[in-house]
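K.L.:
Take this structure first; my questions come after.
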């Protein structure tokens, strides 16, 4: 095609046939490469400006590369270079006098590369609510406007709607369709073809304004392009604060409020719940990052902090990334609230991976997180469609929601009858996705019929009213614009119809303008919507959102108690739901802030000596002062004394009273039998002297427990040592007399000196006078008085002024007497029997030495660590114990305290069974209770368990359990277990390779990776570890197919029971006690245990052969391997390899050392390897990976099967 001067003509006529990517590439080549085949006509006007459209089209592409991230720009350019073929653009176009564009996320984003495709698909599944409903809302709004004669004066509003596929790069490519119309202003007569003929040229009406897009990230890209061509853009849901930067996005407006308003509403909500520490999740891009930045700014001003960094989710994240994020969030174990600024497509992925982790055994994740989500979640049902139970209690924010009247009826009346589907390709696709052709048989085929047939409830999407508002605002603005610009000129003759709309001028007619009297403008002066949000809480049991409050103009109205009740109800707790880093410090602790103002450590303040005047300080009181009960002031300490109402006084007083009574009884006995030979021979005078000392010591208790005074201190100082010296002086005098009388050194028959009673009393008095003299001198040199001392920082004790040295000096003489008495008692231990009183004296002195050896170091070493009452009680206890030993041992016959010539016997209930009757070595013992492994020299022990079964403990930690019905199980403690019951009809294995249970005609197997196998007589079912869309595999009758797990009973599972010595046993689901164990028959079990037989000849060959209740047990004593036979069934277990085998008439089970399972029953076989699961069901063979995903299938029964299928 050439112009009149022979140069190449304009290629704008071919622009519509090229896809956007190839158009830019071709235009770039033609702009910079020569020669050109089509040139402008030299004699026609406009020839010099022909290249402007090419430059204008290439310039946005260059700008796009600069405004996009480098990786995103590189991806876009790479995609442009790959596109070489011509593709038709899917669109909805309705021609009109004035055209407006629309961008909607009709489909989800899809970056999956399929094996049979050379390029990845850009669009995923159709989005019914966010895509189709919003699209139809725009068409509905245009229909309403075109039917209203008061708007546009009869002019028709046309639409050009494109799909963004929820991707910014793809949306940018689609936007080029709007740009083509904007730059196609040259007429065809400016060009000529090579043969001289005029080219065919079809011009399009320029786009007056574009409605969209939905996502903020998409709107940022699109707005950057449209701003270059001065095309106004009005979004119905993009709320990123970045779009409020008017120097960058001058032509962008929206009917929703920016995220900074939403962020303020969410901060008010978090603060109202008394949360100060939350997690933050944001999707990468302007919406997520801008929203969370606004939230962070407002939250920091309110004292709200983030737990760690913001978790930024990239759009190419996989399941592993989400699971890693969830684990990191839970690891902090502090924040439970999660603030989310993510797209609606991200929410199901988070909930799906959360459920996956819980199913893997992370029970700590159950009911842990409380979600607070932005308007991308709002009231939408798609985010909670599959995992709503994990989102129960979630609090969501949505712009002020209203329902668009008559839209539900309009949508239900849409007909998909033959011939009407070409007008809206995406509506037809939505019809097919619902399978409405199979459900609706009426002639009109409306969506209302389809919804009724499928039982689907139509719920209006939250942003449908906003789409309607955006169209209405633009339509009224165009109406005002046409009136101002065209005035009385016909529209066809007006510049608007020929040159399009001036975008900058058009914005003045919908910014800060209200078209409904009495209502505030929908768009403010800078192009943002007015902030008004509703607050909802999701209830999983009702599967619906409940309105909890609203935020408008900076004021929050919220039913806090209802919100908390929703969180507590859904999470089964009675505590107030709080998400904080640190709770308020309890009484007696103060705060030590960490790196954030929300986190602190509660440092204990020693409230016994310190006060806490505020939250962050701890001040110690002066010496002698203690804090008051409120810990805000210091008060003087009150000295401690022993009160008579205290147990420290009552107990010693009661004991001393009992001692006085006993001493009085002894005195009465001595007085009653004063003239008897026994009393006279025992040294009657010295006995009275000693008993008087004991009585005075008991009386001293009442002086010691009295509050200290000068008089009581003097009495204690003198009397404590004096009365004790009287006792030991009498004992010393008596023992020394006996020692001198029976001394071997005395050769003459002369009577020893000073052995008369008077001499003995004089000696005793002389010894006591030494103690009395020392005490009197001490009183003169150091007069008694009271003093207050502080044994600890928190105690003040009123006591007698005496140091430990003084007490040691007072008791030192008594210690010397005790040593002498002990020496003489030892020397006189072998005197004749008639004088064996020395034996009792010796016992008394030995006991006294032990008591004093314990008392002295304890008293003096802990004198600064006990309160006064405790110290005095210790002193009194030692004194009383010493006095009691003397009183009892010296006045009561020692033989009355001793047992007769017998000893207590320990009953041993073991009944040994030997291999040889003449062999004394115990080989097998049968205790009735208790549980322990065989002792040295034993090869087995039999027990009767609490479940009335016989448990045989063998070597190598092997346990064999036999029931009365000969059901058996063999366990290697803590490792492998196998069981057979009911004659082989029930068999089970517990192994690290998996768990197997055969119950009659059914086999159940669970593999470690989560894959489950369920077999009947003719069918094998495989349930994958991750059930995709709720389906499992069924192998039967030469086919393999997927069925819904809801139609199949998966309830039959194992149950593990730990009983004897923590041994793992495998049994059926509880409660089923009649399967293995039966009602109590303990006596029969004990009899059977005693009737167990061991074959001696086997023991000598290192083989144990044991017969218990008809069950034969064989064990290799060297390796520990064991085989157990019961009827036609047996169980084998290898110790070193942890392998187990179960054989019964019904089934063969095996778990080997390589963690592989084998199950065989008739023509059915299940085998596992390290990477595969192989199943044979008659003629059918199938292979799965370890997660239960089908790899291949083959069957000999299928006619005409391919070779590769049979080989599989």
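The backbone N, Cα and C atoms fix where each Cβ goes, and this holds for glycine too.
All TrEMBL annotations are machine predictions without curation.
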K.L.:
From the ranges 709-731, 732-754, 870-892, 893-915, pick the one that TrEMBL records as transmembrane segment.
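P.N.:
TrEMBL lists transmembrane segment for residues 709-731.
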K.L.:
Of the residue ranges 608-630, 838-860, 930-952, which one carries the transmembrane segment annotation in TrEMBL?
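P.N.:
From TrEMBL, the annotated transmembrane segment range turns out to be 838-860.
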K.L.:
Of the ranges 578-595, 686-703, 956-973, 974-991, which one does TrEMBL list as transmembrane segment?
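P.N.:
Going through 578-595, 686-703, 956-973, 974-991 one by one, TrEMBL gives transmembrane segment for 686-703.
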K.L.:
May I ask you to indicate which of 527-546, 547-566, 787-806, 807-826 is given in TrEMBL as transmembrane segment?
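P.N.:
Within the set 527-546, 547-566, 787-806, 807-826, TrEMBL attaches transmembrane segment to 807-826.
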K.L.:
If you look at how TrEMBL annotates this chain, which of 488-508, 761-781, 992-1012, 1013-1033 comes out as transmembrane segment?
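P.N.:
Per TrEMBL, the stretch marked transmembrane segment is 761-781.
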K.L.:
Sort out the residues at least 6 away from either end of the transmembrane segment (761-781), same chain, that have Cβ-Cβ distances under 8 Å to it, and list them.
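P.N.:
Contacts of the transmembrane segment (761-781) (Cβ under 8 Å, skipping residues fewer than 6 from its ends): 685-686, 689, 714, 717-718, 721-722, 725-726, 729-730, 732-733, 754, 806, 809-810, 813-814, 817.
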K.L.:
Which sequence-distant residues neighbour the transmembrane segment (709-731)? Criterion: at least 6 residues beyond either end, Cβ under 8 Å.
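P.N.:
Residues 686-687, 689-690, 692-694, 696-697, 700, 703, 763-765, 767-768, 770-772, 774-776, 778-779, 784-786, 800-802, 806, 810-811, 813-814, 817-818, 821, 841, 844-845, 879, 883, 886 contact the transmembrane segment (709-731) from elsewhere in the chain.
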